[in-house]
Ligand code: FBP
């Protein structure tokens, strides 16, 4: 049994989850440092059939090793692994990570992220079983957003001039969606959108929202959390379930957006209304200001 040190930072006032977020903060710094030398694609594909970069593999190995070493972690699942890895000695929380979200942005040097879900039972399971969620954004700065489901805080986790002794600097406490939304981001190709999705986008554009889409889920969602609006990776004519993975991407980020006063939908109802039937299940996802997500839902239904 590894010696469990007390967490160095009070992330959400829940010591065992705070210890998980400490490891995420420290490991993210090593992931960022390793990116320049791990841009190449490696052999094979991930369980969703996508190409894998050396950086994806490296980040996944590092997070898995570090997080499974914590007494409170019972299992580690990720987008890069067919199935979850169990801890040798149990643990009450079950983690699901997207170790390097948006890694296709590496070649163009655009932002990427890490998404961390803390569930109270093994995945696949519904978002109602989330205890906490966090994501790291590797942008001009390295930031980390954390939520216990009731509120959202954002920290600078690297290079903060006046970084406290807990390796972070609070940027925005109790982050909430602005009331006057200005941006939208819809993934997929316009010709592949269903008629409902096309109509929903035209409605948002008529509301004079500006397109802000950068191809990395976490970076695009941070635009919505900062400026107000809607992010969607919608249903497509050739893939009604969209692209993003429910357990690793949609549920944790939906959890954060709802804690910031917004809404998370699968286009026809609450995102947490239905449970995934398999670990790498995909789901359409619409996140952002409640009034706008309601309007998108009304247009699709
Ligand atoms: P992964 O890199 O974790 O597979 O993430 C998938 C993703 O890159 C999201 O971050 C992003 O929102 C979406 O795919 C972009 O998809 P597309 O290339 O179709 O716009």
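From the backbone N, Cα and C atoms, a Cβ is placed for every residue, glycine too.
Between the stretches 55-81, 82-108, 109-135, 136-162, TrEMBL puts its region 'Disordered' entry on 82-108. For the Mg(2+) 2 site, TrEMBL records 98, 101, and the single candidate of 235, 241, 249, 258 listed with them is 249. Among the binding-site residues 103, 213, 249, the ones whose Cβ sits under 6 Å from an atom of ligand 1 are, in sequence order, 103. Per-residue pLDDT, averaged across the domain 'Fructose-1-6-bisphosphatase class 1 C-terminal' (177-300), gives 97.
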